Amino acid sequence: MSSRPPASFSATFSAARSSKCVPPPRRPSTDVSLPSLRDTIQAHGLDAKKSLGQHFLLDPGICARIAALGGDLTGRSVVEIGPGPGGLTRALLDTPASRVDVVEIDERAWPLLDELATYYPDRLHVVRQDALKLDAATLAPAPRQIIANLPYNVATPLLVGWLRQASQWERLSLMFQLEVAERICAAPGSSAYGRLAVLSQWCASCSVALRIPPAAFSPPPKVHSAVAVIIPHAEQPSPQLFRAMEQVTAAAFGQRRKMLRSSLKSIGGERLLEQAEIEPTRRAETLSVAEFARLAELNLASR
């Protein structure tokens, strides 16, 4: 299979690239000659496993554009989740990042990643763990970023976990299914606006930076993908306030077609809404992030 994307993909990706004017990544001063990614995959007999939500991104040009979303990585630590055969990993190592930690649960990929680490003995570190059970912020010193093509089946819980400790991260550049990326960045009143949008936008500024079609992956997924760039705010909620927000948004959007006085009943909704000066007949999707923040503060204070 050719590593060049089809013409339809090139047009789509070029349009996204030009609209964002993402600069190319800076290369380190010492070039490393690596075997081709496809040859490496073939030599190790690695294929994407559906049960792990894997879709390998092999095009080096696209991987470079994703790595560039981190900005100038000089002196930064980068964590990548689910590197698989290492296509994006190679692009990250081709930036000035001081170190790259890759977290991989699939033991079939470990020998391949270990082999890549021999070319970058002081920069690439292979972490053989389940990212859902790992405090990724403990892997490397700050300032640190996460840049990753996330496994689809664990992408949302991973993001929520990182939002709980958003102060630990300078930036998150994460690939999701397009629908999930749009939910993260959705505005109030839209059908995509929900719990994920409120939690994400409460803690960070969020934008969809790149849209990538199925043809860019092996095997091609059934849906389009997108990279969301999430930049945490300077001030972050306390862990207690974050839990209060999770409770409010879970109740509000768990019954999103109901009026708030009904959907929030289990947490004393009538009283909270009155204190927040929010009409109890409104529905969850009409509230701004700031209004949800006020409800979370009142919810915490009432405990």
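Residue numbers in this text run from 1 along the chain shown.
Keep in mind that glycine also has a Cβ here, set from the backbone N, Cα and C atoms.
If you look up Swiss-Prot, you'll see H55, L57, G82, E104, D130, N149 marked as S-adenosyl-L-methionine binding site, on the strength of sequence analysis. Residue environment of H55 (S-adenosyl-L-methionine binding site) contains 24 other Cβ atoms, counted within 10 Å of its Cβ in all protein chains.
Look at Swiss-Prot and you will find 1-19 tagged as compositional bias 'Low complexity'.
Summarising the annotation, Swiss-Prot assigns region 'Disordered' to 1-34.
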Pairwise Cα distance maximum in Å, S-adenosyl-L-methionine-binding residues per record: H55, L57, G82, E104, D130, N149: 20
For D130 (S-adenosyl-L-methionine binding site), nearby residues of its own chain (Cβ under 8 Å, 6 or more apart in sequence): I105
Sparsest-packed of the listed binding-site residues (L57, G82, E104, N149) - C-beta count within 10 angstroms: L57
